[in-house]
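*Asks:* Structure below; questions to follow.
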Amino acid sequence: MASSKLFLLLISAIISMRTSKQTAAAANGRIHLIMVNNCAESVWPAMLGTTGHATPQSGGFHLGPGEETTFDVPVGWSGRVWPRRGCSFDARGMGKCATGDCGGVLRCGGAPGATPATVVEMTLGTPQSPMHFYDVSLVDGFNAPVSMTPVGGGRGCGVAACGADLNVCCPSALEVRDREGRVAGCRSACLAMGSDKYCCTGDYGTPAACKPTMFSHLFKAICPRAYSYAFDDASSLNRCKANRYLITFCPPQPE
């Protein structure tokens, strides 16, 4: 990863240049998403709009180490972003990713991602209801550290994040390994076990019935600002009125 100090200088520059544009963004009816790759290797961000919402950037692209990109989504947009890792694509955009793959194509174009994958979820507000909701979720497992940080927005705007590398402490029952035998991802207990107890479905389909398991407790201890299971709302769902958000892959850890 890049050093924390250099990364923080970069982020300070981004914020100082762009915070003044908050009002203009709102007036234009757009929300700005800034994606930064702080990982030591390439990532291939993927995006998917929920039903009735368009998928931006054709659903995916390449982001090299240290690179950033900015694009807009409309107010009221709802969808998800996740990192793909270990990808290889040919000139036609056909290939495969070790984790987060969306059908073997560079531009996912509305296709969902394969698990496990760390997911950023957001439901953006409108001028009439301007509050934006966002989170980082481990419900679909983990494949890379990710954070979502509002740029501006005032007090009460939280950072959604799982900044630690869960692959290094993933329980063996949840591990997903690549062709070289390395741990490439960590499944959620729901994905690994498949039972209602772990998936919060069936008889366990309410917050009162579905409680965090030992795996959820482990994930929460390491990533307290991320969803560790389906009903982990209280400490994981964030609210903000900012019109610019920074999504960072492999965010720096405090020294």
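Each residue, glycine too, has its Cβ placed from N, Cα and C.
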*Asks:* Based on the record in TrEMBL, give the one of CYS199, CYS200 in a disulfide bond with CYS210.
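*Replies:* TrEMBL lists the disulfide between CYS210 and CYS200.
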*Asks:* State the disulphide partner of CYS162 as given in TrEMBL, choosing from CYS87, CYS97, CYS102, CYS223.
*Replies:* CYS223
*Asks:* According to TrEMBL, the disulfide involving CYS240 connects it to which residue among CYS102, CYS108, CYS157, CYS169?
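*Replies:* TrEMBL lists the disulfide between CYS240 and CYS157.
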*Asks:* Can you figure out which of CYS157, CYS162, CYS210 (the disulfide-bonded residues) comes closest in space to CYS97 (disulfide bond), comparing Cα atoms?
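*Replies:* Given the candidates CYS157, CYS162, CYS210, the nearest one is CYS162.
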*Asks:* What are the non-local neighbours of CYS162 (disulfide bond), defined as same-chain residues 6+ apart in sequence with CB under 8 A from its CB?
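*Replies:* Same-chain residues close to CYS162 (disulfide bond) (Cβ under 8 Å, separated by 6 or more) are THR118, VAL136, LEU138, PHE142, PRO145, VAL146, SER147, PHE219, ILE222, CYS223, ARG225, ALA226.
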*Asks:* Provide the three-state secondary structure of CYS250 (disulfide bond) computed with DSSP.
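*Replies:* For CYS250 (disulfide bond) - judged by DSSP and reduced to three states - the answer is coil.
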*Asks:* Could you tally the C-beta atoms, other than its own, that fall within 10 angstroms of the C-beta of CYS190 (disulfide bond)?
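*Replies:* Looking across every protein chain shown, the total is 23.
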